[in-house]
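Chemist: This is the feature table in TrEMBL:
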- 20-287: domain 'SMP-30/Gluconolactonase/LRE-like region' (DOMAIN)
- Glu22, Asn172, Asp229: divalent metal cation binding site (BINDING)
- Arg116, Asn118, Glu137: substrate binding site (BINDING)
- Asp229: active site, proton donor/acceptor (ACT_SITE)
Amino acid sequence: MSEFQVKAKDILFPDYRGRLTEGVTYNPSNNTLIWVDIIQGEVHRASLLEGKFDESHEKLKFEDPKESIGAIALTSDDNVIVICGKQGIGKGSFKTGKIEYFLKYNHNETQRKRLRSNDGIIDPWGHLWIGVMTDFEITEQEGKVSPEGKLYRINCHDLTIQTMVDNCYIPNGLAFSQDRKHFYWTDSLTHTIWKYDYDYIPNTLSNKRKHIDVREVDVLEQFSSPEPDGLVMTRSGDIFSAIFSTSRVLHFDEHGKYVEEYKIPAERITSVTIGGKSNDELYITTGHLHLSDSSALIDPTNKTGDLGGFLFRYKLNKPHDVHVKHIWGGKL
């Protein structure tokens with residue numbers, strides 16, 4: 001099995017370092033990278049043209065300091081994105097610099113306090129699938145993530161919300177198979193990427209089974225709690241999964257068999273995607289070691305020790321035919 005070492009020289013934007021970077025998204029339409037800092041409630045965008053980071057780097061941020069952003073989705077307008085905030089779904093505009101909610105989750109008072117958005121994707125029909133989970137403040141108070149999470153599917157035409165999965169821990173990495181008949185979804189604290197049969201017309205998931213249990217991968221045996229986080233899938237069904245708390249991205253084939261690993265100089269690996277004009281670049285987001293300590297200095301000039309909070313770009317040894325990036329199918 002192959003092993004690749006990502007190094008400090010592979011830091012994509014040397015002058016930027018976040019607290020909990022996530023949701024990395026490559027937009028082939030304008031060769032930009034978009035990512036979120038969940039805890040900071042920020043969305044960032046920057047050009048991938050060499051030397052253009054400083055002049056192209058843009059940021060959207062909620063005004064409410066209690067807000068967070070779990071995921072984003074592309075639309076037909078490169079300057080407009082769907083933003084998954086703590087309370088629901090919003091429109092973010094890089095032209096106006098504003099974020100505005102257009103749909104709030106139908107949560108009760110307790111859920112509004114306890115839950116926040118996490119990972120999500122747009123399905124092949126333009127609808128949004130978004131997971132919600134225990135918020136950071138509640139987790140810190142109670143010392144655990146409770147199985148109160150949900151996976152929603154939001155219809156892009158009438159904005160109806162349907163619960164697809166209930167009572168989960170940390171809803172993460174999602175993908176649909178190329179034939180649209182199977183759905184893959186991660187619940188991080190179960191250490192598993194699950195596979196379902198999917199029927200679009202009634203919008204139902206069935207036949208849930210384990211696709212990948214990362215505890216069964218030899219290279220992760222040394223870790224007490226390897227947690228699969230964000231993922232990207234190729235058209236052939238290969239999965240690249242960011243494994244939180246292990247400093248690794250793992251590559252699995254279409255059968256869920258381990259193929260190779262990418263070691264990153266940061267412990268908390270959060271999301272991964274494949275992009276670049278030739279689809280031969282691996283983009284990786286990471287979390288800083290001091291997530292819960294808001295007073296901790298996030299120093300982009302310090303490139304020693306754990307490099308959590310930086311984004312990495314690693315040149316792959318061959319292109320990978322990844323899924324087309326689906327866009328939000330509704331009006332904004």
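Backbone N, Cα and C define each Cβ position, glycine as well.
Automatic, uncurated: that is what TrEMBL annotation is.
Note that the structure is a prediction, hence the values are computed from the model and not measured.
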Chemist: Could you measure between Asn172 (divalent metal cation binding site) and Asn118 (substrate binding site) for me? Cα positions, answer in whole angstrom.
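Modeler: Answer for this pair: 7 Å between alpha carbons.
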Chemist: Between Glu137 (substrate binding site) and Glu22 (divalent metal cation binding site), what C-alpha distance do you get in Å?
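Modeler: Given the Cα positions, Glu137 (substrate binding site) is 18 Å from Glu22 (divalent metal cation binding site).
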Chemist: Within a 10 Å radius of its Cβ, which of these binding-site residues (Glu22, Glu137, Asp229) has the fewest neighbouring Cβ atoms?
Modeler: Glu137
Chemist: Quick one: pull the CA-CA distance for Asn118 (substrate binding site) versus Asp229 (divalent metal cation binding site), whole Å only.
Modeler: 10
Chemist: Which has the fewest other Cβ atoms within 10 Å: Asn118, Asn172, the binding-site residues listed?
Modeler: Asn118
Chemist: With the substrate site defined by Arg116, Asn118, Glu137, which remaining residues of that chain have Cβ atoms positioned within 8 Å of the Cβ centroid?
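Modeler: Near the substrate site, the remaining chain residues are Ile38, Ser68, Gly70, Lys86, Leu115, Ser117, Val132, Met133, Thr134, Asp135, Phe136, Ile138, Thr139.
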Chemist: Sequence gap of 6 or more, Cβ distance under 8 Å: name the residues on the same chain that satisfy this around Arg116 (substrate binding site), in order along the sequence.
Modeler: Ser68, Gly70, Lys86, Val132, Met133, Thr134, Asp135, Phe136
Chemist: With DSSP assignments reduced to helix, strand and coil, which class does Asn172 (divalent metal cation binding site) get?
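Modeler: Looking at the DSSP assignment, Asn172 (divalent metal cation binding site) belongs to a strand.
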Chemist: Give the maximum pairwise CA distance in Å, whole number, for the residues Arg116, Asn118, Glu137 listed as binding substrate.
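Modeler: Max span of the substrate binding residues, Cα based, is 14 Å.
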